[in-house]
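Student: What Swiss-Prot records for 1-106 is region 'Modulating'. What Swiss-Prot lists as compositional bias 'Basic and acidic residues' is 15-24. Residues or ranges marked as Zn(2+) 1 binding site in Swiss-Prot: 107, 110, 124, 127. According to Swiss-Prot, the zinc finger annotation covers 107-127, 145-169, on the basis of sequence analysis. If you look up Swiss-Prot, you'll see 107-181 marked as DNA-binding region. Look at Swiss-Prot and you will find 145, 151, 161, 164 tagged as Zn(2+) 2 binding site. The domain 'NR LBD' annotation in Swiss-Prot covers 217-461, and the record cites sequence analysis as its basis. Under the heading 3,3',5-triiodo-L-thyronine binding site, Swiss-Prot lists 282, 331. The L-thyroxine binding site annotation in Swiss-Prot covers 282, 331, 435. Residues or ranges marked as 3,3',5-triiodo-L-thyronine 1 binding site by Swiss-Prot: 435.
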């Protein structure tokens, strides 16, 4: 009997043979039979489709009929377009497969093609999504099996029994604790996107050689340091108009022999000591305007100030070097020559300060760069006797990083500007060390009453 032949009741003969439950028949068994028939017909249809796709005769017949009434040019264009579309769709269907998977690795739940390691198991996208939805929405209590929990789960039957599918997910080892709720999932996705964007920016910067500029947080730090410097820097940018030159006859007649071949002019020395106290006070005020410095213990603050005071005063004098008059302006008010500073008590230290001033004149530093140099000198963690060494080192690193990024922002046209500028920190540290040695000789050779109390307090050990 063919499928199209009819019975007396007008029904197909194959339909008549289909079992129909009586009132007392077990509905559960009938349901199982219908499910099996459904699966069988589904598999048969898939098999037929597969044979249909792979049959060379069918492909040839279909191709011939589709181009029978087309011009040769149309055939070429449409065949190329069809091939390209097929390749594109094929790529979409394949999707992304991680490199750690074997070529044809299967889902441990249903046997479909696996796409990755999901919730501690290698699964397909379908089982991953089913497991995630079940946990997120707490659906598993509502699942029930019609066949006593004995369903076989494969890629054909996986959608027919949720309870058995979920039980198999648990059995193979999928972890419920790894499923995130909506808020955590969104936060994780946001974090992943931010990290991707960050890596993208870093790669872009590397590719085009772009140097990072200050972040918002670093700009706040830079602003604080700059304001502290401007507020404590005597005369500011008007120092040239307000300076007064030390008379030429002062500092030219040495009257006290000092060690190391230097001379001390007591008149010049007395002039310098008059401006030294306000100069030291301004350095202390600069430090106290920095929140990081104020957070340190009092003992560490004193050690840092005593260590950097001469270095910062030398820097402030060096950036006010005037090549026309060949003078340095001390504390924003007194312009002195190299000889006057040397004979006034500093000896060879004056040469180092003048050489630094001549060198820095080509750097064209602004107030912010001078301020950041001072902050780096202040937060030197290698000063003897410090308690919070790691903390101070961290603070200096913050200043250095902000400083470097600010240099990038300024875009100086000096080759290797940043490393050259860092070398000036070394020069200033050397000046501080030389002055400490020179101070001992000055105490021996000069009358004690000429030394201001603050000068002695800062530079005496």
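Glycine residues also receive a Cβ, built from the backbone N, Cα and C atoms like all the rest.
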Student: Tell me the Cα distance separating residue 110 (Zn(2+) 1 binding site) from residue 164 (Zn(2+) 2 binding site), rounded to the nearest angstrom.
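Tutor: So the Cα of residue 110 (Zn(2+) 1 binding site) lies 11 Å away from that of residue 164 (Zn(2+) 2 binding site).
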Student: Could you work out which of the binding-site residues (145, 161) has its C-beta surrounded by the smallest number of other C-beta atoms within 10 A?
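Tutor: Comparing Cβ neighbours within 10 Å for the binding-site residues 145, 161, 145 has the fewest.
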Student: Can you tell me which of the binding-site residues 110, 127, 282, 331, 435 is spatially closest to residue 151 (Zn(2+) 2 binding site)? Compare CA atoms only.
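Tutor: Smallest Cα separation from residue 151 (Zn(2+) 2 binding site) among 110, 127, 282, 331, 435: 110.
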Student: What three-state secondary structure does DSSP assign to residue 127 (Zn(2+) 1 binding site)?
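Tutor: In three-state terms, residue 127 (Zn(2+) 1 binding site) counts as helix.
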Student: Rounded to the nearest angstrom, how far is the Cα of residue 331 (3,3',5-triiodo-L-thyronine binding site) from the Cα of residue 435 (L-thyroxine binding site)?
Tutor: 17
Student: What is the average pLDDT across the zinc finger (107-127)?
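Tutor: Over the zinc finger (107-127), the predicted model scores a mean pLDDT of 93.
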Student: Inside 8 A of the center formed by the CB atoms of 107, 110, 124, 127, which other residues of the chain have their CB, for the recorded Zn(2+) 1 site?
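Tutor: Apart from the listed residues, the neighbours are 106, 108, 109, 111, 112, 114, 123, 125, 126, 128, 155, 158.
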Student: In whole Å, how far does the CA atom of residue 110 (Zn(2+) 1 binding site) lie from that of residue 161 (Zn(2+) 2 binding site)?
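Tutor: Their Cα atoms are separated by 12 Å.
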Student: Fill in the CA-CA distance, residue 127 (Zn(2+) 1 binding site) to residue 145 (Zn(2+) 2 binding site), as an integer in Å.
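Tutor: It is 18 Å, counting Cα to Cα.
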